[in-house]
Amino acid sequence: MTQNRVSPEANKDKVVIFDTTLRDGEQSPGATMTHDEKVEIAEMLDEMGVDIIEAGFPIASDGDFEAVSEIARRSKNSVICGLARANFKDIDRCFEAVKHAAKPRIHTFIGTSPLHRAIPNLTMDEMADKIHETVTHARNLCDNVQWSPMDATRTEWDYLARVVEIAIKAGATTINIPDTVGYTAPRESADLIRRLIAEVPGADAVIFATHCHNDLGMATANALAAVEGGARQIECTINGLGERAGNTALEEVVMALKVRGDIMPYTTGIETTKLMAISRRVASVSGFPVQFNKAIVGKNAFAHESGIHQDGMLKNAETFEIMRPEDVGLSETNLVMGKHSGRAALRSKLGELGYELADNQLADVFVRFKALADRKKEIYDDDLIALMQDEERSGEDRIKVEYLRVVCGTEGPQEATLRLAIDGESVSADATGDGPVDAAFNAVKALVAHSARLQLYQVSAVTEGTDAQATVTVRMEEDGRIVSGQSADTDTVVASVRAYVNALNRLMVRREKSGSDAREIRYTDAAG
Ligand SMILES: CC(=O)SCCNC(=O)CCNC(=O)[C@H](O)C(C)(C)COP(=O)(O)OP(=O)(O)OC[C@H]1O[C@@H](n2cnc3c(N)ncnc32)[C@H](O)[C@@H]1OP(=O)(O)O
Ligand SMILES: CC(C)C(=O)C(=O)O
Ligand SMILES: [Mg+2]
């Protein structure tokens, strides 16, 4: 493959990492991030060496446009890309946002498979013309243009080859081949890219990219197979976040290329020691916890419990570990934290976990840390992460939990007394319910009436033991807006109410963004 004009970093040995956590990742129902959260994640991606950040879909909303623009303005090394449909209005809006970056990219797409061609009701020829005129338009604005035939893996070969050639002739510099519905399999993925590169005129002048979804659990395998076939850009997300079952996970492809360089001799520019910190941050802001057995970044990815494994690990870690935990950012040192620890140890431990705090922030966190240490004998890394996440979530909130008391036992109904501060004003309510969580949630509803429906209530223990903190995730939907809230506490009911209130705070932000009255208080029986 010859070197690409606008991606000089891409060459036959280097795989360009294109992160779409802030665009495809954010399309996961409930994974909406705030403006500030997106800017922060983009800065982390830039610092860890991601080549291209797809920062959003600028035409989708003013909020998306502002976020892409600010990410573009702040970008240091990464190319900043925005998504646009195949029309001039989307493309112009996209360029307006990404043009602030030192290295902007427009990514325009259209569904080319028979199923997707039927939606706009275009003939093959009409769609081919549209592709030519929209890619030409994008290229007239920006010298870095990516084009995607959505649902490429279910598009007829002849038509796919034809439209890829049209896009290249019109000036696309990267051709992305999306497996939009996670339908392909590794051998097919490799063959498709190989054949496009071999048979489409002009293919050797552009970079081919792969964008895989995980519907059949093959997103990582398909992306790596595409690289074997000649793709030199992998589109992926942190923690594999994304539509339905998600996208290829960035941490998986990057570590697979690093660990198996013997059979896949390609490099990436990713600083892998930053993987854990960004994974935790994305889990926190998206409200999507990482599954315990997730490759690379799951809680159990480097944990060994059974005797034979522990014995092997003690004698030689390579017996049961193919990568070193420190290579993905897990700490080597083991500072034991508890009620006797001071600020210096706390600062050092939080630094290892990816949190750099100013003195005043440390002072606040220290108070909460001591309160937790009074209730819990040992404070594990996960406890500290949960505490930090709680601290960040409650910062700007309009509704705060001040006091909760619940009476529960064998004889129902259970009773809850709750005091909230809403915009600084304290309000209280008593409520009953079928169980302590139901009673407490009814008290929240009595104070902050709303029509959002509870979609998910999930509790998991952060660590072991009966004094473990519980992490609670609450997901709610109102008028098509889906929001998630999370919290952790040694008291499950307290964590539940804080998670519920966290979701309500996010709902208010979403209402503000969409122009509806954020203060509007509505009560319907459908609530919860
Ligand atoms: C596989 C993917 O990930 S594709 C990206 C998916 N991401 C998103 O959709 C998130 C952001 N989307 C949005 O906010 C909204 O859908 C908007 C603002 C883009 C459009 O909203 P609306 O104008 O209300 O349209 P709506 O969402 O109902 O339907 C999509 C429209 O886009 C058209 N469309 C879809 N893809 C394309 C495309 N690639 N090129 C041109 N038009 C397209 C559809 O035909 C439909 O057109 P119609 O309104 O004339 O029937
Ligand atoms: C917009 C495109 C690249 C996409 O996300 C998909 O096809 O999955
Ligand atoms: Mg996708």
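These residue numbers are counts, starting from 1, taken along the chain as shown.
Backbone N, Cα and C atoms are what each Cβ position is placed from, and that goes for glycine too.
Here TrEMBL flags 15-276 as domain 'Pyruvate carboxyltransferase'.
Cβ-based neighbour count (10 Å, all protein chains) for N247 (Mn(2+) binding site) stands at 34. Reduced to three states, the DSSP call for N247 (Mn(2+) binding site) is strand. Residues or ranges marked as Mn(2+) binding site in TrEMBL: D24, H211, H213, N247.
Annotation source TrEMBL lists region 'Regulatory domain' at 400-528. Mean pLDDT for the region 'Regulatory domain' (400-528) in the predicted structure: 82.
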Which has the fewest other CB atoms in a 10 Å radius around its CB: H211, H213, the listed binding-site residues?
H213
By the DSSP assignment reduced to helix, strand and coil, which category contains D24 (Mn(2+) binding site)?
coil
Among all protein chains shown, how many Cβ atoms are found within 10 Å of the Cβ of D24 (Mn(2+) binding site), not counting that one?
23
Helix, strand, coil: count each for the residues of the region 'Regulatory domain' (400-528), based on DSSP.
34 helix, 53 strand, 42 coil
